[in-house]
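Reading through the structure tokens given below for one structure.
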Amino acid sequence: MDDLDQLEAQSIFVLREAHRKLKPLSLLWSLGKDSNVMVWLARKAFMGRVPFPVMHVDTGKKFPEMYAFREEYAKKWDLDLILGDCPPVEEIDPSLPPAARSAARKTAGLAKLIDERKLRGVIAGIRRDEQATRAKERVFSPRGAGHRWDVRNQPPEFWDQYATPYEDGMHIRVHPLLSWREIDIWRYIERENIPLVDLYFAKDGKRYRSLGDQDITSPVESNASTVAEVIAELENSKTSERAGRAMDHESEDAFERLRVAGYL
Amino acid sequence: MGDTIVNQTLEQAYRAAATPIVIVGHVDHGKSTLIGRLLYDTDSLQDGKLAQIVESSRKRGLAVEWSFLLDSLQIERDQGVTVDSTRIPFRLGSREFVIVDAPGHRQFLRNMITGAADAEAAVLVVDAKEGAQEQTRRHALLLRLIGIRHVIVLLNKADMLGFDEAQIAQAESDVRQLLGRLEITVEAVVPASARDGDNIASRSERSAWYKGPTLVEALSNVQPPAPRLALPFRMPVQDVYRFDGVRYVAGRIERGTVRQGDKLAIGVQGQVATVAEVCRWHAPEHPVAGAGESIALRLEPDLVPDRGDLLFPAGQSENAPIKSARLRTRLFWLRGEPLRVGESFTLRLATAEHDVTVASIDAVVDLDDLSMGPGDIVQPDGFAEVTLAASHALLFDAFTPGLGDGRGVLVDRFQRIVGGAPLIGEAELDEGVLAIHPTGSRVSAEAQQRARGHRNGVFWLTGLPGSGKSTVARAAELALTEQGVQATVLDGDTLRAGLCSDLGFSPEDRRENIRRAAHVAKILAESGQVVVVALVSPLREDREQARRIIGEGFHEVFVDTPLETCETRDPKGLYAAARSGKIAEFTGVSAPYEAPLEPELRLAADLSEEEASGSLTGYVLRAVQP
């Protein structure tokens, strides 16, 4: 087995654990590269079908290309797609910096879906290498009442044994991609030929490395217009993946505050 | 590739997975600084990261603080501690590593385990001047328990000793001795300064005498794990799916290989099925799968295994897992309250879940000197060896470092992981002991003491018939009760009227009488009471048995009234009956009485009844006062 085989096998193991242990369960599909890989891995785990609903929490501010992609692949992959909306920005904590405040809309939309469907498990495609607070995550990450993440009191987790504590109002975030790195994602996309939104590929010297809402994501300088070129570019890059995400740079702890409150 | 998936040349052509390295050690011995330095020295930092660290350090009035690279949470920067483990990828030449930063504070042990449990190698950071500290010992022990095979010691802050060869040799010898006692093989001991970069990525001029590897060289020497493909096949069933009329038995292969046509035994029942197909989705068809792969099997006949059932080669007894309902295990205990015998848990072994009870705590590790000794409880963050009893036999392979086998965890009824249990093997059942599963009280000794206002204890009165044991015991019971002590008396005639009415006065029956009395006294004492036992209990050996059963809190009281006095008193007319031959084997007349040699309390013959009970009452009060 090479490193991608190992990552794949581990993610399949995690997805199968989640499916067995957490019901009702749902998978978050943001339409980005990571969550496409995640849907793909779920199909691998369950012999070509995704046996739980796939949720898209829609801010209404995604790129048109993303909406088109969603319609096409929800059908093609036979997904049980659930759409969730987000409250207007006026309803969000005004003490947050502007971009973080905008991003927090998604947290509120997600919280609404989780509560409505009484979900016990939510599969999310975060990776440790994306951002420092994500590096602190568990594979099965319990969220207390109000969906809060207690960073300082996380359960022990080792030898592929995942705690599933439960009280009313709690749910578990499941992170099958936690050990993957950005370059692993791209190499796997190449190997498996997983479809992606075109925005990831360079046009006029720019491409999106990470896709958020239109108003808070900017493209990076790049000439990589194919998966192979993206991989080559990443192998020589030392710029952080989320450099184009405004909220990561607003204040030292903005992202941590968002995540404690339930943001991905 | 042919029939086998073990193909070294091809495997080498693949990219190897990153080797996880855990960095452990006592708080403030320099773990985070070391990691920051390693990333900087190996050019593994992202753009802007260095500037960010310099800025964060400047804001707080510090010189460049390498540890800020990892201590990324606000709380960590403000309080200067690492709260949780972090993973950082890093590359040495063509080799990928993942550094796991493990926090050193004692209360964060579970986070350290979370980070370290799957590491291939460990760097144990020890302050060269301070030497091994409590967390050094704790982490070293943990490395052994979780089976990390390669340990590199970094003698950090060697600049504080001026890289003095003799002092560093002394520090090295101390650490080697510690790790030697734990049977941990040390790959290298590197004198270094993480802050200044000596002997981390480049050789230090300040330690010209040192001929060993730098830390980076030592890490490069760590060999990746041997493939598990050559071992007998094991696949714990993770789940069983039925899609479009086809049943798929899903799981991850822990060891060995499986191929279409193999005959497999399923779980404890051992039903046999043949592998009809090795199933994968969107992957090249291949009739073989090997260790590490998450696959699905179609079985013929179409049996329905349960989650947790172990699949293993059928008809090969030499390759079968161990089957037992009692298991011995090492244990690291992660719950905030101590572990006691009799507590019940779920033992998770791979995907299996078994109800188990802690049948005994066989040895507890003393963290000061790492010795193993007997113990009644395992303290939070403690280490022990225990015996677990299950209601049914279960299948397992003993824990082997580097393999996934026998790595159990204990889960409480809230589905929280409270302990790690690398299994040692089958526990032999002591002769005559049935596989019973006692439950332990959830009321701690401290809580009992708080509720009752005093400690418990068993006060065992021995003496000739008619010596006044029951009289003294009852008087003391009254006096103690009046002082708020919850006291109970177990006397010979009361026991023989009911609980022991089936027993006579043969030496065997007397021994059984004493055994039962001792167990009842123990149960009452464990509920927090003061128990006064009044039994002739003539033989030393039998009283010693009672002492063993009751354990701590047993007090022997000799009611030392001479035979003549007893015979004169003869309150029940028993001596007269014995003398006339109506009672056979009467203690003091026709059966022996062995006086205690060193009783905890002796009530002398010349005491009045009042003085004797007063003496006993005073003794009990002193013994049970909180």
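Yeah, the Cβs are placed from backbone N, Cα and C, and that goes for glycine too.
A quick note: this is a predicted structure, and the numbers were derived from the prediction, not measured.
The active site, phosphoserine intermediate annotation in TrEMBL covers B:Ser537. The ATP binding site feature in TrEMBL is assigned to B:Gly463, B:Leu464, B:Pro465, B:Gly466, B:Ser467, B:Gly468, B:Lys469, B:Ser470. Look at TrEMBL and you will find B:16-228 tagged as domain 'Tr-type G'.
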Confidence summary (mean pLDDT) of the domain 'Tr-type G' (B:16-228): 82
Where B:Gly468 (ATP binding site) sits in the secondary structure, as DSSP reduces it to three classes: coil
Shell list (ATP; ref centroid = CB of B:Gly463, B:Leu464, B:Pro465, B:Gly466, B:Ser467, B:Gly468, B:Lys469, B:Ser470; cutoff 8 A): B:Ala534, B:Val536, B:Val559, B:Thr561, B:Cys566
B:Leu464 (ATP binding site) CB neighbourhood, other CB atoms within 10 A: 23
In the chain carrying the residue listed as 'active site, phosphoserine intermediate', residues 6 or more apart in sequence that have Cβ under 8 angstroms from it: B:Trp460, B:Thr462, B:Arg510, B:Ile514, B:Arg543, B:Ala546
B:Ser537 (active site, phosphoserine intermediate): secondary structure state under DSSP, collapsed to three categories: coil
Chain-internal residues near B:Lys469 (ATP binding site), provided their CB is under 8 angstroms and they sit 6+ positions away: B:Leu461, B:Thr462, B:Gly463, B:Asp491, B:Ala534, B:Leu535, B:Val536, B:Val559
Binding-site residues: B:Ser467, B:Ser470 - member with fewest neighbouring CB atoms within 10 Å: B:Ser470
Least buried by Cβ count (within 10 Å) of the binding-site residues B:Gly463, B:Pro465: B:Pro465
Protein Cβ atoms within 10 Å of B:Gly468 (ATP binding site), excluding its own: 24
Residues satisfying Cβ distance under 8 Å from B:Gly466 (ATP binding site), sequence separation of at least 6: B:Thr561, B:Cys566, B:Glu567, B:Arg569, B:Asp570, B:Pro571, B:Lys572, B:Leu574, B:Tyr575
